[in-house]
Amino acid sequence: MLINLVNLLSNMKTRSKIPQQNSTLLSLIIVSVLVSFPVTRSDDGSNGEYLIGVGSFDMTGPAAGVNMMGYASMDQNTAGVHFRLRARTFIVAESSQGPRFAFVNLDAGMASQLVNIKVLDKLKSRFGNLYTEDNVAISGIHTHAGPGGYLQYLVYTVTSLGFVQQSFDAIVNAIVQSIVLAHHNLKPGSIFINQGDVVNAGINRSPSAYLLNPAEERARYPKDVDTLMTLLKFVDGGSGKSIGAFSWFATHGTSMSKDNKLISGDNKGAAARFFEDWFTTTNTSTGATISSPPDSSVAAALIKKAENIKATGGKPCSKTTSRKFKVRKNDGSLFVGAFCQSNVGDVTPNVLGAFCTDSGKPCDFTHSSCHGNNQLCLGRGPGYPDEIQSTKIIGERQFLTAADLFTSATEQLTGKIDFRHVYLDFTNIEVDLEGNKKVKTCPAGLGPGFAAGTTDGPGVFGFQQGDQKINSTWRRLRDSLKKPSQYQVNCQQPKAVLLSTGEMFVPYAWAPAIVPIQMLRLGKLIILSVPGEFTTMAGRRLREAVKETLISNSNGEFDEDTRIVIAGLTNTYSQYIATFEEYAQQRYEAASTLYGPHTLSAYIQEFNKLAKAMAKGDKDLPKGPLPPDLSSVQIRVGDPTGDSPPPGTKFGDIKEDVSLPKSGSFQKGDRPTATFWSANPRYDLLTEGTYAVVEMLQGKHWVPVYDDDDFSLFFKWNVDTSSLYGTATIEWEIPTDTNSGVYRLRHFGSAKETKDSPNTYFTGASSGFAVS
């Protein structure tokens, strides 16, 4: 065991996919190695408490020319990949015929009602009624760096100029495939739960609104954000080996700014990549060791060897060739680590605070503006001004907490699996308040604070968070689209209705009216699937109310040890849910609380009904009205129409080869770059493949060591401004623990001569270069 430990630690140093955390990470590795050895069955139960299975599948969508979902910026269109997006699933069942549910975590901005509808159709055709709307939860991590155009309501496809079928299909396919993998991986096993605080991975971006909540309520909490992470660890009952981990923690996927155009899972996607690579590395011993910096003679030999390796030129290949060059090949047995979203509404990862770009001073506290200008107020991440570094740091903070919780988890979950799900028409729910007062929710509506945006991504000039009036110009423009009814104006107060999306149906519905709510039970863990972004205090109130209802309506089955987690942005998307007090200020989160000032009260009331039914074992709940399927009426974005390389060249040929430094070899931290003539990556998403590879010469063979799912490798697609032909640029930021040797950059792609012609596939590699 000691020899294995030494080998594992040595191997760990060779893998740059793991963020370097010195002694902190080293201690985690040691603990994880020790707990990775098979345990006796007395530790995990004789046969495992449940049937458990995990699965993961590539959901990276179109990497060129598709508007990103999140910031609602028409200028933010995909132009490459930083690292790939994935759907990650766990399934848990009491037995092969007993109750079960599937939870899917998406590297996407949010869930989509239409995605859910089509996923459930595909699952029904494959599994019958085993997986339905009742027991399948699909939750988004809220990255703002994924392709959009996959939601069915018009307000969410305005900036993408319509529905993007390719984006939609990539997500649906990945969800289905991840569920299929998890289903086929079901085996007896145990689930452990652990909780702990994540330090400095989120601050409140609307603290002035938070302060409007009652002082006695705020006094019960140490911070104005929730810092608690809840983690589940899945352990194979046969081997005692861990197969996956899913965690919930609230922080926005906005470490990458609205200027970014590379597909990215943002900080939660980064945390998942770090966690999965960390686990794989600490549980796989290759005996490899990091090489010492070469002496001058060895370095000279590397340079000379690299000089003899020329660019390959473009070569034909097959559709599946790039999969063979993947560093992580998905055979269904991969460890799955997911970082799920929670009550994220007012939580930003830009933890240094918001500052004015013109003066460097803090922004106005109430309105988050600078001299009345909302566009000058921007949040700063911990790596400011480097958004990639900020993404890495916030991802690492979540990853390190999860790794600690994972290695120290000892509390085993036992007990029933259960679920409840209903659809609700949220535009007209009667809510019972204290004192026999009855109020109602409203048709969906957005206020001017919505147009102002946030400190993560400012919106339209001329608006500020907290605005409760609309000037005459915007009022006329609004009325030309749809003048809100007087009922809506009264219902939404004190929100001034900038867009009455719940009353807009041309050319089809602008906003959801019918939304799902869902409760999943795993022993004494309750997961609340909410279709939006609850603010910190709104989430706290919901959790507390549900817990109290469960305890008071059960015969000791639920108690103070019952844990409640919120899974945000799940099953559909209906924007924000602020508290009644926060709603009064009409900052961005309140202005985006669609269904009026009593939205949170309605959610608490309806979730309490589910909780009561679950506590009493009542399964006969009315399902509610079904949401519409608007796929047939979508305005659709067209596909690219065909590409060709410049005359006398082939796709995959080098346009600009790696430019060597004066020393002749690259050092750690340098960024070798090569540009290839290439076609639009939308012709084939290369699912479970890669557009970019770093190859290392080992003996006489080239071995892939990094691909476009690595944090250090960047694939960028562009149209050459002088020739108007497509190019693919591959940049590799050489990690600090990279082995000395000879490397080259390789590109994969697909092309069509015309829209209707068949795909062709190509590859090409740069000249060799030395790293010393």
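Cβ coordinates are placed from backbone N, Cα and C, and glycine is handled just like the others.
Copied over from TrEMBL:
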type    : residues               : note
BINDING : H142, H252, E533, Y576 : Zn(2+) binding site
DOMAIN  : 50-605                 : domain 'Neutral/alkaline non-lysosomal ceramidase N-terminal'
DOMAIN  : 607-771                : domain 'Neutral/alkaline non-lysosomal ceramidase C-terminal'
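Annotated Zn(2+) site H142, H252, E533, Y576; additional same-chain residues within 8 Å of its Cβ mean position, judged by their own Cβ, are Q341, V344, G345, V347, G532, G568, L569.
Around the Cβ of H142 (Zn(2+) binding site), the same chain contributes G70, G109, M110, H252, G253, D266, K268, Q341, V344, E533, G568, L569, each under 8 angstroms and 6 or more positions distant in sequence. Shown are the binding-site residues H252, E533, Y576; of these, the residue with the fewest other Cβ atoms within 10 Å is Y576. In the predicted structure, the domain 'Neutral/alkaline non-lysosomal ceramidase C-terminal' (607-771) carries a mean pLDDT of 96.
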